[in-house]
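Engineer: Dropping the structure in here first, questions after.
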Amino acid sequence: MNTVRVTFLLVFVLAVSLGQTDKDENRMEMQEKTEQGKSYLDFAENLLLQKLEELEAKLLEEDSEESRNSRQKRCIGEGVPCDENDPRCCSGLVCLKPTLHGIWYKSYYCYKK
């Protein structure tokens, strides 16, 4: 019976002492994994940032192309009254005071340049 107690006590002491080293090793492994995880997260963050910048550049490029190719909107055609201070005549037209017809309206009209 005494040998069983001694054996149990010996196994208990060994388990506790080896368990402590395992705990320290586990803690060190966890620290290494978190450091690796941080570096992986930094890498993933940089990769995502690059993709977002590329996407933003493409979107800005499409916007600039669209504005270059879009036609002029809400402009006043030839022979239509316009405001002298805020002419909205289409391209190729100028807001001028009429020479012959329309002088009694005291208004400006869009004419070709």
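Positions of Cβ are set from backbone N, Cα and C atoms, glycine also.
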Engineer: For C110, which disulfide partner does Swiss-Prot record out of C75, C89?
Structural biologist: C89
Engineer: Where Swiss-Prot annotates a disulfide for C95, which of C82, C90 is the other cysteine?
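Structural biologist: Here Swiss-Prot pairs C95 with C82 via a disulfide bond.
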Engineer: Taking Cα atoms as reference points, which of the disulfide-bonded residues C75, C90, C110 is nearest to C82 (disulfide bond)?
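Structural biologist: For C82 (disulfide bond), the spatially nearest of the disulfide-bonded residues is C110.
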Engineer: Across all chains shown, how many C-beta atoms besides its own are within 10 angstroms of the C-beta of C89 (disulfide bond)?
Structural biologist: 21
Engineer: Measure the Cβ-based neighbour count of C95 (disulfide bond), defined as the other Cβ atoms within 10 Å of its Cβ.
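Structural biologist: Excluding its own Cβ, C95 (disulfide bond) sees 20 Cβ atoms within 10 Å.
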Engineer: Where among the disulfide-bonded residues C82, C90, C110 do you find the Cβ with the fewest other Cβ atoms within 10 Å?
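Structural biologist: Fewest other Cβ atoms within 10 Å, among the disulfide-bonded residues C82, C90, C110, is found for C90.
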